[in-house]
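Listed in TrEMBL for this protein:
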REGION    66-99  region 'Disordered'
DOMAIN    111-507  domain 'Amino acid transporter transmembrane'
TRANSMEM  143-167  transmembrane segment
TRANSMEM  207-226  transmembrane segment
TRANSMEM  262-282  transmembrane segment
TRANSMEM  302-322  transmembrane segment
TRANSMEM  334-356  transmembrane segment
TRANSMEM  376-401  transmembrane segment
TRANSMEM  429-446  transmembrane segment
TRANSMEM  452-474  transmembrane segment
TRANSMEM  486-505  transmembrane segment
Amino acid sequence: MATLLRSKLSNVATTVSNKSQAKMSGMFARMGFQAATDEEAVGFAHCDDLDMEHRQGLQMDILKSEGGEEGAEPPMEGDIHYQRDGTGPLPPSASKEDGVCSELSGQGKPKITAWEAGWNVTNAIQGMFVLGLPYAILHGGYLGLFLIIFAAVVCCYTGKILIACLYEENEDGEIVRVRDSYVDIANACCAPRFPTLGGRIVNVAQIIELVMTCILYVVVSGNLMYNSFPNLPVSQKSWSIIATAVLLPCAFLKNLKAVSKFSLLCTLAHFVINILVIAYCLSRARDWAWDKVKFYIDVKKFPISIGIIVFSYTSQIFLPSLEGNMQNPKEFHCMMNWTHIAACILKGLFALVAYLTWADETKEVITDNLPSTIRAVVNIFLVAKALLSYPLPFFAAVEVLERSLFQDGNRAFFPNCYGGDGRLKSWGLTLRCALVVFTLLMAIYVPHFALLMGLTGSLTGAGLCFLLPSLFHLKLLWRKLLWHHVFFDVAIFVIGGICSVSGFIHSLEGLIEAFRTNAED
């Protein structure tokens, strides 16, 4: 009886806490702050079910009363947790499709407004990786500025055509949504001969991009700490090891509920940092080196700049789920327009102003150019933001790997890494720790922020943002496309392919050279 009473009191406390968190989240949403992170990996972290094929295993189960005694009362509303196998009973008013978003009530998934959707997209394309854009201007001049504008226009267009691939016309002539995710679109394009090939390609690209994002967080953490405290007898590699030690608990994550609480603080901190950098640059407006910005390109390094710029705009992978969760999906096009126009203006001004301030002295991470008096403070905030953002792409990458390799039913390549009770097996935890260590090793041997960012943008960024959307649009809707749409799709595919190959080759050459140099040292 005492045990049952304690269980009830605990459940009531949990319910009150959950409802309080829900009210606070609703208050921030009404103020315009949608809880989201600031990178493309960000989109995978929310209850928008950003890739439904890899989120079906995350369902809410109700715990049975302690000890499974006969006649025990069912658990209360707050007594719920995440189960991977999805075998437990669901709340009476909830369905499996309600997923994580049904945690606080049995109602359907909450819909978001166009402003909240725009906030998510803005966070994805206005993240901390914009700190590398002035370095792109260094090697591209005015052509780099043009590329920032061009990438915004193309990414906005490909985001719209990607959403168009989710819809088809039914027998009554009505346009209906028949697909839910990027993976569904890819599989539809490869059917019926290879019904799962497209989805696997998208998954591989997604995993590469997420893991590379994690590596970039470790690299930027080590770089910023080393340049903030150059007098300390600690190398950049050592700072990266320290950062990874802090990140090792990510291997024990079961869900993102706790981590997502920091997302709003991370985003606000990043905007404050950008304002500080721009304010300092404006204070030196009299010394701006306008003569250094020219119509020229560095043939060897400008292709890397292309990858940097493209990577800063990647958001396509979670747009299908975001559009599906909007209260009025018809506002999606308008939302994409103003978010990318704002991103284009802010990125262009930030890159140009920062480059004019430091000209040829511009470094890979622009905050390293700040005076030592304020550099340490700004960089510490950035390191904190990077460390708090790391769990999101890491957990998303783990989800995709586990679902594809260990939990895909009879098609799984390896035994299930979860036991019958939904607990992670010891060897599964070891693999997670190995992934964290892998990001560290890559950060140690290739500690070059710009090269890694350029490589990722050229490989997966260009593929997911330029090549695949235009190809899928032509494949699924070519009979209904007007001639100018066909022209745009073909042009984007060709230009994107050229930029992707060129950037990838030059970035890879730079990484190989850097790897050899570090190996010799």
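Yeah, the Cβs are placed from backbone N, Cα and C, and that goes for glycine too.
In TrEMBL, annotation is done automatically, which means it is predicted and not curated.
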Report task. Report, as numbers and ranges, every residue of the chain located at least six residues beyond the transmembrane segment (302-322) whose Cβ falls under 8 Å of a Cβ in that stretch; write 'none' if there are none. Result -> 40, 42-44, 48-52, 112, 117, 120-121, 124-125, 127, 129-130, 132-133, 135-137, 139-140, 143-144, 147-148, 151-152, 155, 158-159, 162-163, 166, 179-182, 184-185, 202, 206, 209, 340, 343, 347, 450-451, 453-462, 464-466, 469, 499, 502-507, 510
Query raised in the report: Can you say which of 207-226, 262-282, 334-356, 429-446 has the most Cβ pairs under 8 Å with the transmembrane segment (143-167)?
Result: 334-356
Query raised in the report: Considering pairs 6 or more residues apart, do the transmembrane segment (376-401) and the transmembrane segment (262-282) have at least three CB pairs under 8 Å?
Result: yes
Report summary line: Highest Cβ pair tally under 8 Å against the transmembrane segment (262-282), stretches 207-226, 334-356, 429-446, 486-505, lands on 334-356
Report task. Would you kindly check 207-226, 334-356, 486-505 and say which stretch has the most C-beta pairs under 8 angstroms to the transmembrane segment (429-446)? Result -> 207-226
